[in-house]
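Here's the structure, in structure tokens; my notes come after.
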């Protein structure tokens, strides 16, 4: 059986026939009644509409900025501590991996893991890369851009994640 995967912006009123929030990255967060019976929300109240952007904004989408002077990655990792995160540079890629062991929360036991990989622009100074985690759970990976004649340095190295006590200055999408 073929199942069409729809982007959340294009959800239709035929909710039971399309994927719901259950398949999104909301692991460990509570379920709503429309997650289990999505057709109820439109039949009980014709004025109720689920936010079209909620699943997109809350799904851990990263933001990558590359301007003339620097390269920056913002990634929401609010469920992870610096000890749970590993940031490595492998040649011209940065790999961010987060994993925490099973722990108890309000809804039972939960464990989380993610892996993201981004290509670094060739003009990024790999010797000056830094990574920090803000108090509100925003991981910021950044590096300055320089003249393109630099040696890339070692083919693999770890970038330590430092903790900041202030909230992130990254714009909320």
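A Cβ is built for glycine as well, from the same backbone N, Cα and C atoms used for every other residue.
Looking at 116-144, 145-173, the stretch flagged in Swiss-Prot as region 'Disordered' turns out to be 145-173. Of all the recorded positions in the list 100, 102, 162, the shortest Cα-Cα distance to residue 70 (N6-acetyllysine) is found for 162. For the pair residue 99 (N6-acetyllysine) and residue 107 (Zn(2+) 2 binding site), the C-alpha distance works out to 19 angstrom.
DSSP assigns residue 100 (Zn(2+) 1 binding site) to a strand segment in the three-state reduction.
Comparing Cα positions, residue 162 (O-linked glycosylation site) lies closest to 100 out of the binding-site residues 100, 102, 107.
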